[in-house]
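Per Swiss-Prot, the features are as follows:
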BINDING   ASN11, GLN44, ASN64, GLY74, ASN75, ASN157, ASN190, GLU208, ARG209, GLY218, SER219  substrate binding site
ACT_SITE  CYS73  active site, proton donor
ACT_SITE  CYS217  active site, proton acceptor
SITE      TYR268  site 'Important for dimerization'
Amino acid sequence: MQFSKMHGLGNDFMVVDAVTQNVYFSPELIRRLADRHTGVGFDQMLVVEPPYDPELDFHYRIFNADGSEVSQCGNGARCFARFVRLKGLTNKREISVSTQTGRMILSVTEDEQVCVNMGEPDFEPQTVPFRAAKAEKTYILRAAEHTVLCGVVSMGNPHCVMQVDDVSVANVALLGPVLENHERFPERANIGFMQVVSRDHIRLRVYERGAGETQACGSGACAAVAVGVVQDLLNENVHVELPGGSLHIRWQGPGHPLYMTGPATHVYDGFIHL
């Protein structure tokens, strides 16, 4: 099986063409391939499939390193767009894809940056999903003897975002896994630790569901800005600084789609016998 290794700001992926190759991945096989000592090593596996809808270009599947399938990965979406062009699966600069939960438009710029229409952030608890009687801008969660104030939003996957004074010393290793598996998130959640530098600039670390802390999380950056906008902490154009690099997020507020722009890097191509 042929594959490519790619990354979006250090969030790394094994990308597989299932349009021209016949492939099947069990959770056990994905876990083996994800192992950084004995496999390929990656945060997520991205699989390019033929479209289920003839009006779309591709179907986009995402698997975490633990073998679980998820419905959204923003950094992965940018790599997906670069991959299908690099491999000659399309020459379009505007690429339409379906995911587990909806549709996305991926736009490749002249300098090979990728702008992703991530859709409108959804704050309804039942959509996230999150156990709450009604939608609030802020919730109180208790975890590991800590009381946490956070915002909760779906970007096609569940996110919990808390504001911290200094992201460099945030206790991500402790609070990340505890909140990821909090009883109020029936499908677990991605946990964002956001430092507001100014109304146009945040620093962010994300503990990803099923992957742990990563160098960057595109949907996590989108979620942090969405929460920051509704809490009136941020303007509509925000520079998001992550450990692996920076993204630009634009959101005009409720009723509008959110846009994420950033790089996607091809590292190497490989072949593996399964």
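Placed from the backbone N, Cα and C atoms, the Cβ positions cover glycine too.
Mapped onto this structure are the features recorded in Swiss-Prot.
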| residue | record | DSSP (3 states) |
| --- | --- | --- |
| ASN11 | substrate binding site | strand |
| ASN64 | substrate binding site | strand |
| CYS73 | active site, proton donor | coil |
| ASN190 | substrate binding site | strand |
| ARG209 | substrate binding site | coil |
| CYS217 | active site, proton acceptor | coil |
| TYR268 | site 'Important for dimerization' | strand |
I need the least crowded one of these binding-site residues (ASN11, ASN64, SER219), counting other C-beta atoms within 10 angstroms of each C-beta. ASN64
Please report how many Å separate the Cα atom of TYR268 (site 'Important for dimerization') from that of ASN190 (substrate binding site), as a whole number. 28
Round to the nearest Å and give the CA-to-CA distance linking SER219 (substrate binding site) with CYS73 (active site, proton donor). 6
In whole Å, how far is CYS73 (active site, proton donor) from CYS217 (active site, proton acceptor) when you measure between their Cα atoms? 8
Lowest local Cβ density (other Cβ within 10 Å) among binding-site residues: ASN75, ASN190: ASN190
Whole-number Å value for how far ASN190 (substrate binding site) lies from CYS73 (active site, proton donor) (Cα to Cα): 11
